[in-house]
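Report on the following structure.
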Amino acid sequence: MKTDTPSLETPQAARLRRRQLIRQLLERDKTPLAILFMAAVVGTLVGLAAVAFDKGVAWLQNQRMGALVHTADNYPLLLTVAFLCSAVLAMFGYFLVRKYAPEAGGSGIPEIEGALEDQRPVRWWRVLPVKFFGGLGTLGGGMVLGREGPTVQIGGNIGRMVLDIFRLKGDEARHTLLATGAAAGLAAAFNAPLAGILFIIEEMRPQFRYTLISIKAVFIGVIMSTIMYRIFNHEVALIDVGKLSDAPLNTQWLYLILGIIFGIFGPIFNKWVLGMQDLLHRVHGGNITKWVLMGGAIGGLCGLLGFVAPATSGGGFNLIPIATAGNFSMGMLVFIFVARVITTLLCFSSGAPGGIFAPMLALGTVLGTAFGMVVVELFPQYHLEAGTFAIAGMGALLAASIRAPLTGIILVLEMTDNYQLILPMIITGLGATLLAQFTGGKPLYSAILARTLAKQEAEQLARSKAASASENT
């Protein structure tokens, strides 16, 4: 009969085995762990920057409105002050961008996409102060712009800054921290962590290099930025529209029709944006003085509108709950929609530092509400709320314009806390995206990036020709 023999490993052999194990752990590549730790740092910094940006915009807007209160007794003076306050703030933003960091103009999201493809530079030491303070000027002046563009570009540049400061090497670290910062910026702008993650995976899918490390880093960065946002702003939904009733199954076809409407309007809106960019470029011709004065005129116009018709200016977050509640007549909704289309095109296409997410969400809400009011009149037997179409339409224009339906749906759900409307939102967003793809045309950010790269290539070619000409002489 055989018996088990006890282990005869000597203490010396055990010590040797432990040393080998420790040596293996020490020699293992620490880059993935370092990236994840840096992602937490990036997310924290981006969240703090987004909070500071949000608070700064709110403070400037309050100061601007406070200045108007002191001139309330003199109507001509009131209009003059309303124009000048917004014009000066806007000119400050335009000047910073044009003088110190042209890549900080506009949304900034195409710049991050270009950087992820190694086609655009990331000069964080210039972009961070210019985008932050320039964005404070334009958004604080009441221009029709969103804060997500600045926070996404600021976030991406913070990711690159952390990479440079801590001297992390390798393309994986550079790419991952850039994407992490961008995702954290969107999450902090809207208090929407899942939308921030989906934004990178869906909207930046051609540029984002999906690996286990990169997606974990994005998760960590988004978590930290959202925590920072909620520490200072609490855990409430960003837009309070109340709890709306669910949409019965036999009414879902109406949301598909709404999606078709947005699928037609989305590509048209994109063409208008690009066309307005060309028109405004012909106006200033690249001259910094003309460009700043043009920006001041646009900003001043928004300042006047903010006093005369507040629903037509600003990012649109204050408009969304009012429109969803049905507090506007059909005629007023049409006026607001047309006015905001014009002001959105003027502000965004002029190159002002600011995003277009929020203005498009507001446009989608207004158009969705108008459609809902028509449906309520035509089909009273369904007992529907017009507000449900406002929520469904809020993300539909986003889906049709930038071809990111999932991001639009989840963003609206997280912002409004109306998860019971997820099915009509999916139907509306999918219908809008499919028809927009069928009608052709690039997604908005891709089209803007293509223009930027073409301009960059033309400038490089011109410089090379000038250099060769000087050498020949």
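Glycine too: its Cβ is placed from the backbone N, Cα and C atoms.
Swiss-Prot names SER107, ILE356, PHE357 as chloride ligands; from the candidate set TYR255, TYR419, TYR445, the record adds TYR445 to that same site. The record in Swiss-Prot shows differing topological domain names for GLU203 and ILE322, meaning opposite sides of the membrane. Contact check: the transmembrane segment (330-349) against the transmembrane segment (422-438) gives fewer than three Cβ pairs closer than 8 Å, residues 6 or more apart, which falls short of the contact criterion. Less than 8 angstroms from the CB of GLU203 (site 'Mediates proton transfer from the protein to the inner aqueous phase') sit ILE109, ILE402, ARG403, ALA404, THR407, TYR445, each of them six or more residues away in the same chain. Segment contact holds for the intramembrane segment (177-189) and the intramembrane segment (109-116), given three or more CB pairs below 8 angstroms at sequence separation of 6 or more. Distant neighbours of the transmembrane segment (215-232): 35-36, 38-40, 42-44, 46-48, 50-51, 55, 155, 159, 176-177, 179-181, 183-185, 187-188, 191, 193, 196-197, 200-201; these residues of the same chain sit at least 6 beyond its ends, with a Cβ under 8 Å from one of its Cβ atoms.
Confidence annotation: the motif 'Selectivity filter part_2' (146-150) carries a mean pLDDT of 92 in the model.
Counting Cβ pairs closer than 8 Å and at least 6 residues apart in sequence, the transmembrane segment (33-69) and the transmembrane segment (253-281) reach fewer than three and form no contact.
Beyond its flanks by at least six residues, the topological domain 'Periplasmic' (70-76) meets no residue of its own chain at a Cβ-Cβ distance under 8 Å. Between the transmembrane segment (288-309) and the transmembrane segment (148-166), fewer than three CB pairs separated by 6 or more residues in sequence fall under 8 Å, so the two stretches do not touch.
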